[in-house]
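K.L.:
Pasting in a structure now, in structure tokens, and then I'll have a few things to ask.
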Amino acid sequence: MKYMNSNSMHGGQQPQKHYGITSSISMAFPREVDHQYTHKLSEAMKPFGVFEDEDELNHRLAVLGKLNTFVKEWIAEISETKNLPPSAITNVGGKIFTFGSYRLGVHTKGADIDALCVSPRHVERTDFFDSFFAKLKLHEEIKDLRAVEDAFVPVIKFKFDGIEIDLLFARLALQSIPDNLDLRGDSHLRNLDIRCIRSLNGCRVTDEILYLVPNKENFRLTLRAIKLWAKRRGIYSNMLGFLGGVSWAMLVARTCQLYPNAVAATLVHKFFLVFSKWEWPNPVLLKQPEDSNLNLPVWDPRVNPSDRYHLMPIITPAYPQQNSTYNVSTSTRTIMSEEFKYGLSVTDDILQGKTDWSKLFQPPNFFLKYKHYIVLTASASTEENQLEWIGLVESKIRVLVGNLERNEYITLAHVNPTSFPGNKESCSE
């Protein structure tokens, strides 16, 4: 069944949006007991610092407001140096968009904010990394400023009044950037630099996910629970071949589409039901992929032979569609599949009143699980080198796991994503 737009009729008098590429599994509304279990789920998550209080939320909003004003000022200043007429400078605009966990409304206490600076066409990428970087440097509330201009997705990282921000840059083919700009339209991608397309992708995917779920509040609480569960169970890491935040968000969004009226307690249980039985490598799709005729590479196993080898495809809903889980290996998929089954048995017990939600968030005992372990130690001469060196070593652990998996005597290679003081990475077979 094709994805239909929000005006499609769905029985009865009122128009109701049809979510996803199939019809729902159950339209059942929650019972009183489901609301009670959901309340208990919320309470069980509180000790883990999952929810921010009002003051922290307002602090984030204030910082983002300041950053937005800062961007507008800078774009106006740059526009003057480029000899734009005064009338154009007044209306030139510029805007900060957020994406990732903050934009989805599921960030935890102290989490960083992923943001994107969008500029009009006369502002160059080099301006962002030169004059904007210099302007940030002069700001007394900004600390730990660093630029990674040659990254796959170029970024400026800094702390603004205690909040860590990763800021990307995209220049659109527009004369001005209005405050009500919507990035979801594919036409914005036309004639853009590939780095701008990559930088826009995070925002476009996040916005599309929110658009494709039936009830944002139910989605958010469910996603908070699943992210906490994945972190506690040691399977939250895109880099190490498990799933990162966007992938978990898409799995939860798909569950919400299949049970559009369910509340979080039910959705957490159904999440484990759906994905413990999912027949990988069938892809998880939130909408029918569309081709925008912009000739950008998209995930399509019919066209790209390499896409056929992806083990656990979860496809981003915004053009150009990508698989967010290309790092998954046979071992990590096996480990996650086992965790889905375990999650199902625990939530079965919870909803039958045999145990409570805290059991879902109990960590596994990694160090009693296997017979053989490899300890990986990364050390460097200085603290600054240490951070960079650990980052490099961590990014290569997947290669080690791949080599171990190819050994005929090794059935499973399981990396523990937690590193320990003394900077040790632990890995078992």
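Cβ coordinates come from backbone N, Cα and C, glycine included.
Just lifted these from TrEMBL, have a look:
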- Phe99, Gly100, Ser101, Thr108, Asp112, Ile113, Asp114, Asp166, Lys227, Tyr236, Gly245, Val246: ATP binding site (BINDING)
- Asp112, Asp114, Asp166: Mg(2+) 2 binding site (BINDING)
- Asp112, Asp114: Mg(2+) 1 binding site (BINDING)
- 20-213: domain 'Poly(A) polymerase nucleotidyltransferase' (DOMAIN)
- 218-362: domain 'Poly(A) polymerase central' (DOMAIN)
- 365-424: domain 'Poly(A) polymerase RNA-binding' (DOMAIN)
K.L.:
Give me the count of other Cβ atoms within 10 A of the Cβ belonging to Asp166 (Mg(2+) 2 binding site).
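P.N.:
Excluding its own Cβ, the number within 10 Å is 18.
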K.L.:
I want to check the contact list for Phe99 (ATP binding site): same chain, sequence separation of six or more, C-beta distance under 8 angstroms. What comes out?
P.N.:
Asp114, Ala115, Leu116, Gly202, Cys203, Val205, Thr206, Asp207
K.L.:
Enumerate same-chain residues with a sequence separation of six or more from Asp112 (ATP binding site) and a Cβ-Cβ distance below 8 A; give 'none' if the list is empty.
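P.N.:
Same-chain residues close to Asp112 (ATP binding site) (Cβ under 8 Å, separated by 6 or more) are Ile163, Glu164, Ile165, Asp166.
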K.L.:
With DSSP helix as H/G/I and strand as E/B, how many residues of the domain 'Poly(A) polymerase RNA-binding' (365-424) fall in helix, strand and coil?
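P.N.:
Within the domain 'Poly(A) polymerase RNA-binding' (365-424) the tally stands at 26 helix, 13 strand, 21 coil.
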K.L.:
Tally every other Cβ atom lying within 10 Å of the Cβ atom of Gly245 (ATP binding site).
P.N.:
21
K.L.:
Are there any residues in the same chain, six or more apart in sequence, whose C-beta is under 8 angstroms from the C-beta of Ser101 (ATP binding site), and if so which?
P.N.:
His107, Thr108, Ala111, Asp114, Lys227, Gly245
K.L.:
Can you give me the average pLDDT across the domain 'Poly(A) polymerase nucleotidyltransferase' (20-213), rounded to a whole number?
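P.N.:
It averages 95.
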